[in-house]
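Under the heading NAD(+) binding site, Swiss-Prot lists Asp32, Ala33, Glu34, Tyr35, Asp36, Ser81, Leu82, Glu113, Arg136, Glu173, Lys290, Lys314, citing sequence analysis as support. Taken from Swiss-Prot, the feature active site, N6-AMP-lysine intermediate applies to Lys115, supported by sequence analysis. Residues or ranges marked as Zn(2+) binding site by Swiss-Prot: Cys408, Cys411, Cys426, Cys432. The feature domain 'BRCT' is assigned by Swiss-Prot to 592-672.
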Amino acid sequence: MESIIQQINQLRTSLRHHEHLYHVLDAPEIPDAEYDRLMQQLRELEAQHPELITNDSPTQRVGAAPLDAFEQVKHEVPMLSLDNVFDEESYLAFDKRVHDRLKRADPLTFCCELKLDGLAVSLLYEDGELVRAATRGDGTTGENITANVRTIRAIPLRLQGDNIPRRVEVRGEVFMPLAGFEQLNDEARRKGGKVFANPRNAAAGSLRQLDPRITAKRPLTFFCYGVGLLEGGELPRSHIQRLMQFKAWGLPVSERVKLCTGSEQVIAFYRQVEQDRGGLGFDIDGVVIKVDSLDLQEQLGFVARAPRWATAFKFPAQEQITQVREVEFQVGRTGAITPVARLEPVQVAGVIVSNATLHNADEIERLGLRIGDTVIVRRAGDVIPQVVGVVMDQRPQDAKEITFPEHCPVCGSDIERVEGEAVARCTGGLFCAAQRKEALKHFVSRRALDVDGMGDKIIEQLVEKQYVENPADLFTLTAGKLTGLDRMGPKSAQNLIVALEKAKQTTFARFLYALGIREVGEATAANLAAHFRNLENLRAADIEALKSVPDVGEVVAKHVVNFLGEEHNQKVIEALEKVITWPEPQQIIAEEIDSPFAGKTVVLTGSLTILSRDEAKDRLAALGAKVSGSVSKKTDLVIAGEAAGSKLVKAQELGITVIDEAEMIRLLGESS
């Protein structure tokens with residue numbers, strides 16, 4: 001029996017060695033047929049002696065039964081996200097913040113790595129054996145994907161070597177190389193199956209299969225980049241040395257990892273990786289920069305759910321070339337006419353793009369764009385596609401000039417362009433069906449009147465059937481009328497009537513926001529409501545009085561005066577006043593509130609992770625803050641969440657105090 005055990009152990013050791021050479025180092029020493037022979041030999045021995053099968057045997061990677069659902073996993077150490085920077089100026093600002101917090105002037109050493117475009121996972125090893133794998137989820141709770149991760153041959157089921165901690169949680173990214181992605185999609189096309197839009201989606205979809213046997217067939221791989229939980233052992237106090245320790249244990253680590261001293265070396269690494277990006281064989285969307293010293297990392301700490309000692313330096317949006325087939329003109333809520341290019345579909349940054357905004361007539365003129373042109377399309381911020389250039393030497397002879405309409409394409413009203421403004425607008429107001437629809441959608445939206453169940457499709461039908469012309473008409477609807485709409489039964493109709501009834505009780509700030517006055521967002525509406533307290537006072541205010549309100553300048557003041565002075569709007573507001581009520585806003589006297597926010601003009605920027613933006617606004621306002629939507633010299637405080645952008649940069653330029661979300665939460669707690 002001892003010889004059988006020895007033979008099995010030798011086969012397992014040999015197979016693990018060759019798996020590591022093939023899947024991690026990409027340097028196989030034996031042909032596939034020999035690997036298959038060794039695997040088959042092990043399978044036969046284990047079949048004869050099932051009592052000798054162990055969880056970490058190479059034979060146990062594939063074949064677990066399908067799951068009904070993934071169980072939830074609580075991360076013992078939260079899986080934090082990273083803040084982003086998008087240009088060198090923003091990176092230098094990050095570098096300065098790190099130096100300032102450490103009170104250091106000398107160049108710091110950073111560990112620079114690739115920012116892989118895959119799925120973040122956590123691998124928990126106990127006494128060297130992989131016992132659990134989980135997705136990031138929301139950072140606190142993820143999904144148990146152990147059975148699927150065990151099928152990824154790049155991930156060792158047992159760590160090799162010495163000094164392995166009793167419990168260690170390795171973190172990294174599961175991704176799909178481009179060659180495997182293309183092969184997977186080619187096979188799907190042949191079989192008429194689902195084609196994935198990009199390797200990231202393919203990796204995520206493969207990893208979250210309830211049947212591990214499907215995951216096993218997908219060409220997934222893995223690179224590790226950090227550690228979470230660590231118990232019963234020690235790791236080096238340098239991030240890059242930790243990565244080298246992982247590598248010694250048999251874990252895959254990217255070769256493109258480099259120590260850089262000072263910002264110049266970091267930027268040089270970023271530029272080189274950006275240049276080499278196309279030849280890597282897998283998708284990345286930037287580089288990750290981390291302070292290498294663990295001692296310094298601990299000094300720097302964390303902001304809400306991101307470390308202060310690291311940032312993701314993202315690449316610019318990817319670009320592709322395609323052709324403009326047509327240009328159409330859309331009408332927005334305020335009558336803005338927006339030209340939209342209809343494109344020959346093209347994949348940009350992993351998404352099929354067939355439309356792109358052209359913004360306005362000035363942009364069309366600047367580009368020199370014609371219908372039929374070959375253009376460069378960029379996904380701005382990897383979200384909104386836009387045309388950024390024309391390939392003039394590919395212009396066809398029959399390319400047509402783009403004529404901006406003189407009349408609204410929806411209602412036929414005149415289009416006007418106010419001097420000094422780039423945007424042309426339909427003058428039809430609520431006579432225009434397009435504006436009517438968008439105005440009504442805004443009126444019932446969540447942060448306005450919040451009419452539950454009143455979706456876009458319902459609004460469109462109400463306008464098309466001429467049941468509703470303005471917001472006041474919504475409150476004249478009956479269940480009988482609503483049941484005449486598509487997919488609207490008696491119960492749904494009655495629920496909508498109840499929701500409309502509930503919406504009659506609101507706040508003055510929500511009401512003002514719901515009216516859709518140009519450039520009056522939530523923050524401005526709240527400031528107007530707090531300052532004037534009722535409609536009568538607001539109607540009586542002139543431009544100078546309005547300009548005394550935080551967040552209200554000359555332009556916004558004119559919009560408010562013009563809106564309230566327009567006869568049609570007056571009639572709609574009078575009709576709404578008969579059915580909608582709100583308590584007069586409580587007058588907050590800053591001097592009487594013991595709060596660091598009292599009397600301060602505060603701007604929120606970036607993504608908040610602990611409170612929602614709405615909750616943060618409400619709590620700040622309750623403590624006497626005036627929440628503004630833009631940064632100016634009048635701003636007292638900026639609260640910066642994750643991925644804070646231009647507002648944060650402007651605040652730093654103006655020398656305005658900036659705090660993070662964690663500090664805001666602390667101050668809110670002290671004030672309550």
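Every residue gets a Cβ built from N, Cα and C, even glycine.
Taking the Cα atom of each, Cys411 (Zn(2+) binding site) and Leu82 (NAD(+) binding site) are about 47 angstrom apart.
Looking only at the recorded positions Lys115, Cys408, Cys426, Cys432, the one with its C-alpha closest to Lys290 (NAD(+) binding site) is Lys115. In the structure as shown, the Cβ atom of Lys115 (active site, N6-AMP-lysine intermediate) sits within 10 Å of 20 other Cβ atoms. Across the domain 'BRCT' (592-672), mean pLDDT in this model comes to 81. Taking the Cβ of Leu82 (NAD(+) binding site) as reference, residues of its chain lying under 8 Å away and at least six apart in sequence are, in sequence order, Val288, Ala306, Pro307, Ala310, Thr311, Ala312. Taking the centroid of the Cβ atoms of Cys408, Cys411, Cys426, Cys432 as the Zn(2+) site, the other same-chain residues with Cβ within 8 Å of it are Val331, Gly335, His407, Pro409, Val410, Gly412, Ser413, Ile415, Thr427, Gly428, Phe431, Ala433, Ala434, Gln435. Reduced to three states, the DSSP call for the residue listed as 'active site, N6-AMP-lysine intermediate' is strand. The 10 Å shell around the Cβ of Lys290 (NAD(+) binding site) contains 19 further Cβ atoms across the protein chains shown. All protein chains included, Cys411 (Zn(2+) binding site) registers 18 other Cβ atoms within 10 Å of its own Cβ. Annotation for Cys432 (Zn(2+) binding site): spatial neighbours Val331, Gly335, Cys408, Val410, Cys411, Ser413, Cys426, criterion Cβ-Cβ under 8 Å with sequence separation of six or more. The highest number of surrounding Cβ atoms within 10 Å, among the binding-site residues Cys408, Cys426, is found at Cys426. Distance from the CA of Arg136 (NAD(+) binding site) to the CA of Lys115 (active site, N6-AMP-lysine intermediate) is 16 Å. Sorting each residue of the domain 'BRCT' (592-672) by its DSSP state yields 31 helix, 18 strand, 32 coil.
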